[in-house]
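Notes for the one structure printed next.
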Ligand SMILES: O=C(O)CCC(=O)C(=O)O
Ligand SMILES: [Fe+2]
């Protein structure tokens with residue numbers, strides 16, 4: 001694996017052609033052995049198969065996870081067989097599962113297994129474990145991964161939820177228009193001690209984002225309705241949370257300004273929050289995920305979003321695969337139907 005000198009070595013790793021080929025062959029052979037991404041045998045066997053990923057990629061990601069310092073890193077250079085993968089779909093509803101891009105979904109899950117356990121949400125993309133991100137015409141102006149014309153404002157993934165992921169992995173199947181993902185880490189030294197102290201206090205409210213709403217899923221069954229109600233309750237609960245937590249000198253982040261409310265009368269909290277948003281804005285970077293790039297976001301150390309773009313809707317649009325990863329599946333047991341279920345809701 002080469003690390004270009006222009007890029008910090010803890011940020012980008014580039015697979016050699018031989019490593020990329022080995023990873024692709026591993027994923028393709030596993031796609032013949034397992035039935036789908038929800039196959040319990042596949043989920044059980046992930047760590048074993050992940051140990052056959054290119055060793056330097058494994059080390060790079062383990063260092064990223066254990067250092068818990070950087071907010072994101074990228075492994076570049078994966079082979080994407082565009083002819084096999086086929087056109088970018090128009091909607092994730094009605095996609096074949098598994099589809100022709102099953103090997104790429106498996107590769108995503110193998111990487112997930114290096115960081116923790118992959119999981120999904122009953123209330124997101126019809127409860128699929130691996131998500132699809134491509135522009136959907138009806139969502140053009142929405143604050144959704146499937147939107148396009150609107151800036152997807154930066155956020156902690158599922159910031160409103162106590163069981164949100166520790167990592168988010170995005171795999172780029174194609175991105176011909178070089179649409180940028182945005183990423184920012186926190187420069188804590190830019191905050192005053194007073195603001196820092198306030199941001200550690202439970203004075204900020206976060207409501208669920210649009211992706212968890214029933215309208216953005218297919219028709220909802222009676223049992224699922226209860227699960228959407230759980231999410232709705234978090235909307236109406238209005239329990240304030242802290243936006244910074246963990247180490248006082250090197251804190252973790254939890255915020256989604258677009259979906260937040262801070263009581264108007266709490267002038268100090270409003271001031272501290274504005275300062276935090278400014279500091280993050282200043283650090284915001286555009287990262288173009290090129291075909292074959294895998295982006296790993298530490299959901300406690302970085303926020304992310306997406307630049308606006310004009311979609312094509314002709315089968316050649318940007319297409320990412322996405323999965324949430326937790327280091328502690330057990331903590332969400334009260335919201336998963338069975339111990340084996342990977343879906344929270
Ligand atoms: O489209 C992107 O680059 C990122 C969208 C996003 O926020 C997500 O997938 O969670
Ligand atoms: Fe996101």
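Cβ from N, Cα, C; glycine included.
For the 2-oxoglutarate site that TrEMBL gives as 318, 322, the extra residue drawn from 156, 181, 182 is 181. Cβ packing within 10 Å was compared across the binding-site residues 155, 318, 322, and the lowest neighbour count falls to 322. Within 8 Å of the centroid defined by the CB atoms of 181, 318, 322, the record's 2-oxoglutarate site, lie the Cβ atoms of 133, 145, 170, 172, 175, 179, 289, 295, 306, 320, excluding the listed residues themselves. In this structure, none of the binding-site residues from 181, 318, 322 has a C-beta falling under 6 Å of any atom of ligand 2. Within the model, the domain 'TauD/TfdA-like' (124-323) carries an average pLDDT of 93.
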